[in-house]
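Features reported for this protein in TrEMBL:
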TRANSMEM  A:6-39  transmembrane segment
TRANSMEM  A:51-71  transmembrane segment
TRANSMEM  A:77-99  transmembrane segment
TRANSMEM  A:111-132  transmembrane segment
TRANSMEM  A:162-186  transmembrane segment
TRANSMEM  A:215-236  transmembrane segment
TRANSMEM  A:312-331  transmembrane segment
Amino acid sequence: MDVLNALVLFLNFVMIPATAYGAQLALGALGVTLIYAVLRFSNFAHGDMMAFGTMLVVLVTWGLQSLGVSLGPLPTALLALPIGILGTIVLALVTDASVYRFYRSKRSEPVIFVIASVGVMFVYNALTRFVIGTDDQRFEDGARFVVKVGDFRKWSGLDEGLAIRTSQLITVVVMILTVAFVFWFLQKTRTGKAMRAYSDNEDLALLSGISPERVVRITWILAAALAVIAGTLYGLDKSFRPFTYFQLLLPIFAAAIVGGIGHPLGAVAGGFVVAYSEVMVTYAYKGVLTYLLPEAWRPEGLVQMLGTDYKFAVSFIILVVVLLIRPTGIFRGRTI
Amino acid sequence: MIRVEDLHLHFGGIRAVDGASVNIAKGSITGLIGPNGAGKSTLFNVIAGLYRPTSGKVWLDGEDVTGLSPHALFHKGLLRTFQIAHEFASLTVRENLMMVPAEQPGEVLWDAWFKPGRVRAREAEVRARADEVIDFLEIPHVADELAGNLSGGQKKLLELGRTMMVDAKIVFLDEVGAGVNRTLLNTIGDAILRLNRERGYTFCMVEHDMDFIGRLCDPVIVMAEGKVLTVGHPAEVMKNEAVIEAYLGRGLKNRKASAMGPA
Ligand SMILES: Nc1ncnc2c1ncn2[C@@H]1O[C@H](COP(=O)(O)OP(=O)(O)OP(=O)(O)O)[C@@H](O)[C@H]1O
Ligand SMILES: [Mg+2]
């Protein structure tokens with residue numbers, strides 16, 4: 001019984017939240033990695049693109065709520081998501097046409113693009129804060145739980161309860177659908193193959209029938225859509241605050257690099273690696289150990305390796321270690 | 001067909017192309033030879049739009065195409081291969097070939113989703129052509145292999161195959177024969193002649209193998225130190241003192257001259 005209780009405790013506070021968080025990071029990292037593979041730079045504005053898109057979703061959600069539109073048990077945000085995606089695609093394409101295209105035509109070094117993306121990041125950031133402010137915004141509605149703690153206790157007869165929030169389940173389902181779509185797109189469609197070709201060898205792609213501008217456009221469309229989906233899922237799961245999204249940049253890049261930057265499968269794997277590490281390292285194991293260990297050995301402290309305030313240190317350490325030991329990541333990066 | 005006028009391309013202090021003027025006649029197979037570092041590949045790169053020249057002009061069929069993007073030149077029927085074979089490593093050989101033809105409807109999201117019939121028809125067409133090329137090059141056994149796994153010689157064949165996927169006007173071949181075995185070299189030579197006669201491709205090719213050049217090319221352009229030294233029939237060019245000095249080296253003079261045979 002104690003073992004089961006420990007397991008449920010662990011599932012409830014580590015596995016379930018980390019899986020949802022991992023799915024969000026995976027989608028974010030997938031966007032970063034696609035941009036890197038095709039446009040060859042690390043897009044520092046990705047976090048703030050997520051924030052901008054999520055802001056649109058929040059605004060549209062509020063609008064729908066005030067009109068009395070709802071999806072029943074599902075969050076209204078799902079209905080607002082396509083509009084947020086469209087708006088963000090427009091933003092990404094306008095940015096590309098007004099900033100990055102100029103440097104592409106000059107065949108600038110990747111570092112120039114990175115610096116330009118930092119500038120873009122500040123602009124997006126200011127735009128978002130100008131419209132919605134810097135505060136926390138909640139926009140989750142519908143049924144809060146799929147599995148409630150009380151119901152689970154009654155059903156299982158255990159002391160510990162297990163809860164699965166609607167937002168967590170939706171996160172995982174949406175992530176699986178999105179990733180499946182992106183992979184199908186890259187593997188099977190002519191456009192997807194053109195993206196992979198462009199990523200493999202830009203010079204050759206330029207000297208064949210592949211239209212570079214079209215490939216770039218499709219890449220931004222995919223990246224923007226992924227950013228808004230990731231941002232909205234994160235916002236539903238936690239809450240929406242522009243600054244948090246800027247901070248997400250670190251775990252997202254850690255995820256993309258752990259997996260092998262430029263490698264879509266790697267980005268997904270990396271998202272989960274980072275999320276599980278972060279949550280496991282910052283979780284206080286006192287409860288779990290109390291169930292598992294004999295009375296005399298029970299810990300008095302929290303048995304927490306790192307305070308949650310330092311959770312970003314985990315991504316940072318992962319990033320540094322990977323870059324030192326295996327810079328190409330789990331999967332060899334730089335191909336899609 | 002192609003006219004290059006007083007072309008310069010300087011990399012910092014290196015004058016890779018230093019005032020070259022070249023004419024390539026329609027329907028010809030023009031050879032381009034010269035010692036290593038003469039600027040042959042760089043000249044190709046400038047003509048194909050990969051580099052913008054420091055100064056000078058390139059004309060294609062009477063139209064000024066200087067500084068046009070490689071992509072735009074491709075659409076005008078100008079194709080090239082790379083000396084160091086390029087390939088889309090994570091695509092198969094067949095997919096590599098199928099990537100070449102432009103304006104495939106499957107590339108436009110709208111068409112891909114709303115006109116699947118048209119997309120499929122065009123794809124079947126392109127696939128059939130790719131299969132023809134694969135048969136022609138006698139590489140059906142690697143058709144579904146990832147191009148990144150091919151041998152060096154096979155990658156060269158793939159380079160040539162790419163130029164056969166569309167109806168080109170002029171094709172620049174940068175040492176397609178290098179690293180390819182004799183039998184295959186002859187096959188490639190035959191392929192070039194056939195494309196030239198039957199499809200009217202104009203070729204300009206860099207090659208270090210004098211037999212190969214002698215068999216296919218007329219005229220031959222000789223480059224050295226970024227400049228054009230001389231142009232003429234291969235046998236004549238080989239007798240030219242300046243060419244021997246710059247390219248063949250004095251010791252090789254007799255052997256090379258006899259290898260060329262009587263003109
Ligand atoms: N990207 C570059 N940057 C700097 N220098 C270059 C570059 N490309 C070529 N060069 C220089 O330009 C000169 C001409 O090079 P190029 O590759 O055109 O020679 P080539 O005639 O093709 O020689 P080979 O027969 O060996 O292929 C060389 O001195 C080379 O070092
Ligand atoms: Mg060369």
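Glycine too: its Cβ is placed from the backbone N, Cα and C atoms.
Worth saying up front: this structure is predicted, and the values here are computed from it rather than measured.
A contact between the transmembrane segment (A:51-71) and the transmembrane segment (A:6-39) is absent, since fewer than 3 of their C-beta pairs, 6 or more residues apart, lie under 8 Å. Contact between the transmembrane segment (A:6-39) and the transmembrane segment (A:312-331) is not supported, since fewer than 3 Cβ pairs fall under 8 Å when only residues 6 or more apart in sequence are counted. Taking residue pairs at least 6 apart in sequence, the transmembrane segment (A:312-331) and the transmembrane segment (A:77-99) share fewer than three C-beta contacts under 8 angstroms. Sequence-distant contacts of the transmembrane segment (A:215-236) (same chain, at least 6 residues past either end, Cβ-Cβ under 8 Å): 20-21, 23-25, 27-28, 30-32, 34-35, 38-39, 43, 46, 49-51, 53-54, 56-58, 75, 77, 81, 84-85, 88-89, 91-93, 96, 104, 137, 139-140, 167, 170-171, 174-175, 178, 182, 185, 191, 194-195, 198, 205, 245, 248.
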